[in-house]
């Protein structure tokens, strides 16, 4: 019989004696370690006094799984294990020099044998697929890359620690996202936790190509569900629904706990927290579809910065009658009604996803950018048309690195000069924000432009935004919260507000309906606007004054969402370029900061920290530079912080993904500053006095930007 009694020679069979040391030690590697991530599960069969590591058993060269899963140990029969231990007892490990080396390299004519832990120590590759082959350190498979010109460290896309992007045993590259790199240990832990159904590329979510390559490189992917799916009743508390009326005065005679679906005594939960409820009748709700928040959530919403910033529209000569709060309040975005199980999984995912930094997310998307470069020929006086031509070119690939060359229209000599990619993207986003594709003053929604729709410009706009974000462009910052919520949660789960209406006449109709104080006044307004309401399909029977709220809601939904449904779908398809829309939907809180809000104002400290000194500095000039930044911040200069940044980089703000290359300063013996936007380099003059330094900086920056603005003003104005 086979056993692992401490310090005894135990019969294995056929008269062979094998030395087995230590109770509970693996019969193959003779280690007591219980480390599932490294050696697989440690299994003990007390009936046979047998202990074995799963990987040691699985990778042994002379054994096959002949039984069913429940037979023997993982389907390996006890008699086969005996024979394999017997065979291995005659083989010496080429690493530790001890007997029992059950694993051999499969390379032809290679005679190396080793224990599984010893193989790990010497960085052997074990393939947990097919014939479960193993390769010694001289014959193991390697990853081949076409170019080795990685100049900078890149983050492991799992732990985000920076690593040198050179394929090795411990560093692996994704086969589907060429600039995505991983630690082997990070991949192995993720594979064990995710299982075959959830293990995929962290960048593009590809599973087939990714898993095939990882199996080839020795990552074990267990055929099981993810660990978070296996925990029994893990999210049980999330599945419990609140079913009690919590309003101060409950009108139900059956009591607060009474719930009668499809009646006025159906319990509606707070749409924000879900932990308070009301009978429909107790809060004068006419149907389940009406929004309702508990007192605590309403106080939070009404005291939030977003609510306080809402603008109020009033009728002329209306004695400043305010619009009812329901129009000014931006309702919390809601997810579609889901099954309890899917809700619990969404909550689990949200816990880790929403805390991600947008810069990190954009850097991850940037891993898709290949080394191959595409040059775009751009006319700065006609940014929109030349950008459209470049992006629509059949040879253009969004994942190619972008180079920009500026050309002059009607130039017979065909001259061109290098341009700044980030300046080009910044100018393109400025034009897009002010184009006829969007409407509104500061926070913009999509407009309805039939000609633009016919020319597929909404798709191109979404594509441009996606490319700009991934390739290091600026924060758009002009989306309305309504447009953003439509992209993330769907138009059906978004409620527009009055600020979304840019059409003055439509806004006046909504205001008049909402400020009606009697049913007669309300009907009078509806009669005056009858043709418009009939045209947009919002006519409804008015029986009480409160019906005006549903009427206003219908008008807002039509004008802001339904009217632009075709442009929205086209724009959304364009945003899917390079996986940007999917990233936005996965991390809405992170992307809201750059899509709906302008970047923070620049300060002297921000600019001082942004620019690094790359050459031997002139101490006096650097002192003048810092004093100049402070003077600009204090309003003692004719330039602004944004002017300085534009002069040096072509951008008025710091892109979310940062500048590449990093902005730098040089001190040169010249009279005036020089800005190199292609390299983000600012050369400052070496002068004798600070007054001369400031005058030269102000004069050059102001006049350079003025000249550039005049060159392109005729097209922007058009």
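Glycine is treated like the rest: Cβ placed from N, Cα and C.
Long-range neighbours of residue 678 (active site, glycyl thioester intermediate) (same chain, six or more residues apart, CB within less than 8 Å of its CB): 418, 419, 420. Taken from TrEMBL, the feature active site, glycyl thioester intermediate covers 678.
Marked as domain 'PHD-type' by TrEMBL: 23-140.
Under the heading domain 'HECT', TrEMBL lists 541-704. Across the domain 'HECT' (541-704), mean pLDDT in this model comes to 90.
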Secondary structure tally of the domain 'PHD-type' (23-140) (DSSP, helix then strand then coil): 30 helix, 20 strand, 68 coil
